[in-house]
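Look at TrEMBL and you will find 19-37, 42-63, 69-92, 104-122, 172-191 tagged as transmembrane segment. Under the heading domain 'MrpA C-terminal/MbhD', TrEMBL lists 27-89.
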Amino acid sequence: MSPVDATTVAYEAHVSPTFLLDLSLLAMLVACAFAMVTQRRLFAVAMLSGVYSFVSALFFVLMDAVDVAFTEAAVGAGVSTVLVLSGMALASRREAPVSKQRKILPLLVVAIVGAALIYASFDLPALGDPNSPANSYVGMAYIDVSPTDITVPNIVTGVLASYRGYDTMGEVLVVFTAGLACLMLLGAGSIRGGRRVSDQAPPTPLIEAQHTFEQEMKARADHPEAGEERT
């Protein structure tokens, strides 16, 4: 066995803690996705979506993309969850039932697209491969010229703020416009928090019927009809 083969075997036999942590986070993402699909309570779905975004942010931290992880945690797990919870004030607490026949087509679409994405991922370079196109030319060029061109210690921040400044500004405008659209759709009442805690809960049909019956009995007691005696 050559030294290169021995090194490869030793690397494959050793499982790094980062790899185990990646598998754990991936299992959590899959569990959150299945829970959101099977859950019918909208509040639980909103909370699970926030957990999903937070776990995705942890994934980015493991890949040393701290800037992207911060954005995902702030926008995905923070702002998006708040907007979804605000929208729940305008909707029912539970999802409307859907027939099984209408679930077949979305399931087929998701299965086909997922299989195509998994098949396409086989041609992607390994994570951190120095011979990949991004690391062999573009990445090395940014690493070499960023300290002298921008004088920013963090290369990722320099790329987002300088080399891709117009693209970053466009993304900020898109997020800002989406936030304004959500506020317009939710309305002023939901912006203030909707119904206050001190307000009475909206009456249900059973409570309304009971209240009507009590009013009728009280009216009969105050004004008895002919032939009836006041008790």
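Yeah, the Cβs are placed from backbone N, Cα and C, and that goes for glycine too.
Worth saying up front: this structure is predicted, and the values here are computed from it rather than measured.
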Model confidence over the domain 'MrpA C-terminal/MbhD' (27-89), averaged pLDDT: 85
Three-state composition of the domain 'MrpA C-terminal/MbhD' (27-89), taking helix and strand from DSSP: 57 helix, 1 strand, 5 coil
